[in-house]
């Protein structure tokens with residue numbers, strides 16, 4: 001499966017000057033919503049991700065995603081795994097569980113995103129689940145931007161990764177783009193202004 005080509009074919013591999021949800025800047029942005037708007041393609045991708053997770057024989061009861069970006073990927077992965085699905089959402093800058101969703105003590109969760117950059121939002125969701133008595137056993141995403149180590153791809157973890165080292169991350173592929181702090185962003189230095197297509201604060 002050529003994940004990069006799928007994103008390009010769907011107009012989801014964008015070039016410009018972007019402010020990522022992590023606060024970093026990048027010349028490239030992956031707009032997974034353009035991929036996941038096709039139900040058949042979403043099902044195909046998440047069926048493949050479910051097979052990868054199943055091959056590691058990890059036991060879990062539910063999948064949880066951070067809103068908004070992770071919801072479609074998480075729901076489709078839950079369907080493919082025949083598991084329950086819930087999502088966390090940001091209220092007053094705090095990741096919370098609402099809408100009557102419950103976490104029973106000792107139940108095991110995989111946290112699913114569409115794209116993992118440093119893993120900040122996924123980690124916030126994991127901490128929310130754990131604060132309510134759940135146990136997070138792993139993370140999953142359609143793609144990793146090259147910072148967090150990926151179990152099934154055997155890709156190494158970089159220093160700015162926020163996901164815990166002791167839990168696996170499963171993805172369909174890696175996209176390795178340069179990202180920059182605002183203070184040393186070459187696009188900013190050329191006078192360009194970053195736009196924010198992502199999830200936080202929108």
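In case you wondered, yes, glycine gets a Cβ from its N, Cα and C as well.
According to Swiss-Prot, the feature 5-phospho-alpha-D-ribose 1-diphosphate binding site maps to 93, 113, 114, 115, 116, 117, 118, 119, 120, 121. Positions annotated as orotate binding site by Swiss-Prot, on the basis of sequence analysis: 117, 145.
The binding-site residues listed here are 93, 145; among them, 145 has the most other Cβ atoms within 10 Å of its own Cβ. Calculated from their C-alpha atoms, the gap between residue 120 (5-phospho-alpha-D-ribose 1-diphosphate binding site) and residue 145 (orotate binding site) amounts to 13 Å. The secondary structure of residue 116 (5-phospho-alpha-D-ribose 1-diphosphate binding site), as reduced to three states from DSSP, is extended strand. Of all Cβ atoms in the protein chains displayed, 30 besides its own lie within 10 Å of the Cβ of residue 116 (5-phospho-alpha-D-ribose 1-diphosphate binding site). Spread of the 5-phospho-alpha-D-ribose 1-diphosphate binding residues is 20 Å (greatest Cα-Cα distance among 93, 113, 114, 115, 116, 117, 118, 119, 120, 121). Per-site Cβ counts within 10 Å over the binding-site residues 117, 118 peak at 117.
Residue 145 (orotate binding site) has its Cα within 10 Å of the Cα of these binding-site residues: 116, 118, taken from 93, 114, 116, 118. Spatially close to residue 114 (5-phospho-alpha-D-ribose 1-diphosphate binding site) yet at least six residues away along the chain are 30, 32, 33, 36, 69, 70, 72, 73, 141, 142, 143, judged by Cβ distances under 8 angstroms.
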